[in-house]
Amino acid sequence: MAARGVGLLTRLSLRAQRSQVQCPLRRLLSCPGTVAADLRREEQSSGSAETGSEDRTAKKRFSEVQNKRREQAQRTVLIHCPNKIDEKKFLKFLSQHGPINSHFFYESFGLYAVVEFCQKESVTSLQNITRTPSLGPEAAIPFKSRYFNLKLRNSSNQTSELSSIQCSNQSSPSSKKLYQLLCCAESVDDQLNTLLREFQLTEENTRLRYLTCSLIEDVAAAYFPDCAVRPFGSSVNSFGKLGCDLDMFLDLDEIGKFTAQKTSGNFLMEFQVKNVPSERVATQKILSVIGECLDQFGPGCVGVQKILNARCPLVRFSHQASGFQCDLTTNNRIALKSSELLYMYGALDSRVRALVFSVRCWARAHSLTSSIPGAWITNFSLTMMVIFFLQRRSPPILPTLDYLKTLADAEDKCIIEGYNCTFVRDLNRIKPSGNTETLELLLKEFFEYFGNFAFNKNSINIRQGKEQNKPESSPLHIQNPFETSLNVSKNVSQSQLQKFVDLARESAWILHQEGKDRPLPSSNQPWGLAALLLPSVANNVSLSKKKKKPASERIKNLLDSIKSSGAENSTATNGRRAISTQA
């Protein structure tokens, strides 16, 4: 496999690579001063991952971003369109119901348009002129949603005059294109930033995720008015990649807030409700009903599974129009708080997201992670490891969770199900790190650090940012940041952990060797991050001549010798500053 990957790369000329690489098309027509325009500027400022560049603008809180996105989604409609359509006439038709803030097209089992109006009333106006289709002998279940189907009158006479619509990109690049981009990069830092730009969620994909949650909320609101369906996990924590699942939870706490209003006099009004034995039973009943409703009445919801006996009960389904695989839980507020914490860490330093994306991509390339549940390391665990590693740098690049807790004020206090989830939420109150290490150095030393980590006795804990004795015998122990008694990596087997260690050691060695003898760009040889993503690092040609003893032992000895050499083995390459290898 590795040899074939090298052959593919050598057949591609550098000029051809550069001409074929194109940025994903973006078709946002945002009006200045609108929510969409503000979010676009925010994405552009946070999307840069250039090492050492500090964003001087005020950073928005997680809750502010979520509220803006949710309000934006409520003014947005999803329309299934004919494959060919006159874009100007289409927008003119919709503009009868009010000014349009922005729109874009994408493909998923057909052509779809996401159209955001400037006012929420425009959506109601469009719904009022929309009819329920006549299906002949079949019967349609009437449901007044914001998911429409557009048809052309006399389409046979118009089709030849219509042009195809350009669509925004909703998928990550192919392996071939990724290798092209990485081999064209000027440095390892540039490679990591390139991978981040190609894999991160685009503005359009993010908007589509919030819209999908909003459409599911419309269904749930039939049973629970004033409820909210909120995305969490990779979709909102800034570490999601194109194609990742959409995790959402049904938030019923908003309903309870209305009953907490102060009343005067001697009377107190309460809703009549049904009682159940426990909160878990209530969750199961609610999800059972919502799952049945999505299965029977939810437009575009297919393959609905009610997994109610899991530790965290959920409803799993595919949203056909958006192409997302969705998991719906209820009142999963700790998971949302974890998403907020990761969002903050990703926003504090421009290097964090680039490093996390590259480590995750590396792990997936070598089957260390999998979309199928099992004994593999999860993306969440890898993210915890990167954060912990960055807390261990000198000076630290990221603060510990306990330090973020000391910065919190009364407004930040948060107790969920008895767990203290308090930390400062205003990013502008956190002092930026003075660490200026390059991404190349950080990637190399991440692999070296965990290639020599004492997993047999130590635990990873981002609350304190230091190694601690393991409280249990699991091969890999990573403490849950809020539910501290839980090990988020309890599923990882010893064999999978050893595979991670062996690959980390070899990856560190490859990066160290390339720092001394990097291929010329004209050679078209995979180098840096591209070399690490080849299907089998162990079979790489550059290592075959060195194998006189088992790979893991050989690499560990090499790394030990590198560390013991200290400053004598510091390397300066391609005009960059000298870098040294540390434990």
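Every residue gets a Cβ built from N, Cα and C, even glycine.
Now, the feature entries from TrEMBL:
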type: COMPBIAS; residues: 53-69; note: compositional bias 'Basic and acidic residues'
type: DOMAIN; residues: 62-130; note: domain 'RL'
type: DOMAIN; residues: 189-346; note: domain 'Poly(A) RNA polymerase mitochondrial-like central palm'
type: DOMAIN; residues: 442-485; note: domain 'PAP-associated'
type: REGION; residues: 40-69; note: region 'Disordered'
type: REGION; residues: 563-583; note: region 'Disordered'
Composition by DSSP (helix, strand, coil) of residues within the domain 'PAP-associated' (442-485): 10 helix, 7 strand, 27 coil
For the domain 'RL' (62-130), the number of residues DSSP places in helix, strand and coil: 32 helix, 22 strand, 15 coil
Confidence summary for the domain 'Poly(A) RNA polymerase mitochondrial-like central palm' (189-346), mean pLDDT rounded: 91
